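These notes concern the structure reproduced below.
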Amino acid sequence: MASSNFFLLTALIALVATQAMASDPSPLQDFCVADRNSPVRVNGFPCKDAKDVNVDDFFLAANLDKPMDTTKSKAGSNVTLINVMKLAGLNTLGISMARIDYAPKGQNPPHTHPRATEILTVLEGTLYVGFVTSNQANGENKLFTKTLNKGDVFVFPQGLIHFQFNPSYDKPAVAIAALSSQNPGAITIANAVFGSNPPISDDVLAKAFQVDKKAVDWLQAQFWENNHN
C-alpha cells in the first residue's frame, strides 16, 4: 500500500510540474518589473531593483481607444500588442493584450501563439473566426468556426492555428484580445513558410504542398509583411 501511494504521489507531482512548466513562470513576489537593460540572460527578464520601481512601470498610454491604421497592411488589419516589451510591469504576470483593427474584408491571417491561449471579444462590427486542431488520430485537422457580433467572446487554444476575418464590404471591425503570456509570440503561417530568411527550399515546399515549384517560387517572391506593431 505504501509503495502504491508513493507511486501515485510521484505521478501527481510530475503532472503538476508538467503543467507548471507549460506556461509562464508564476511570480514569487508581488511584482518583478522587467529590467530590459540588464546584461543577465534568463527565461523572461530579470527584476528591476524594487527600490527603483515606480508607478509608470505599470502604466502605458497605449491609445487603445483610438482606431489604428489598417491601410498599410496587405491583410487589412492592425494588431496593437501590449506585452512585456512595451509594459515592463507585465514581467512574470503571465498576461498580455492586444487591440485588433480590421478594415472591411480585412483579416488577421492564420497564425499561432506558441506560448499563449487567446480570448477575444468583438467591440465593433462582425468577425468570422476559427481555429484548426492539431493532427488527430484519424488523420484529420478539425476546423471550428463561428461568426461573432459585438459583445461576443471566443477562445483560441494555445498553439493552435487560428484566424479572424471581417466579412463586411463597408464596415470596419474592432476586437480586444487577452493572452495568457507576457510574451505570447506569433507565427503567421504564410509569412513563416514562404517568407522565411533564408527561404525554405522550394523542393521541400513543392513536395509538402503538392504544387509545382514555379508556384512556390512565385509565393516566395511576394512581400510577406507583419501586421503587428
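Yeah, the Cβs are placed from backbone N, Cα and C, and that goes for glycine too.
No curator has checked TrEMBL annotations; they are predicted automatically.
Since this is a predicted model, take the numbers as computed values, not measurements.
As recorded in TrEMBL:
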type	residues	note
BINDING	Asn108, His113, Glu118	oxalate binding site
BINDING	His111, His113, Glu118, His162	Mn(2+) binding site
DISULFID	Cys32-Cys47	disulfide bond
DOMAIN	62-217	domain 'Cupin type-1'
SIGNAL	1-22	signal peptide
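Feature annotations (TrEMBL) mapped to structure.
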| residue | record | Cβ within 10 Å |
| --- | --- | --- |
| Cys32 | disulfide bond | 22 |
| Cys47 | disulfide bond | 20 |
| Asn108 | oxalate binding site | 29 |
| His111 | Mn(2+) binding site | 21 |
| His113 | oxalate binding site | 23 |
| Glu118 | oxalate binding site | 24 |
| His162 | Mn(2+) binding site | 22 |
Among Asn108, His111, Glu118, His162, which are recorded as binding-site residues, the nearest neighbour of Cys47 (disulfide bond) by Cα:
Glu118
So what's the average pLDDT for the domain 'Cupin type-1' (62-217)?
96
In Å, rounded, how far does the Cα of His113 (oxalate binding site) sit from the Cα of His162 (Mn(2+) binding site)?
9
If you compare CA-to-CA distances from Cys32 (disulfide bond) to each of the binding-site residues Asn108, His111, Glu118, His162, which comes out shortest?
Glu118
Relative to the mean position of the Cβ atoms of His111, His113, Glu118, His162, the recorded Mn(2+) site, which additional same-chain residues have Cβ within 8 Å?
Thr112, Ala116, Phe131, Phe156, Leu160, Ile161, Pro184, Ala186
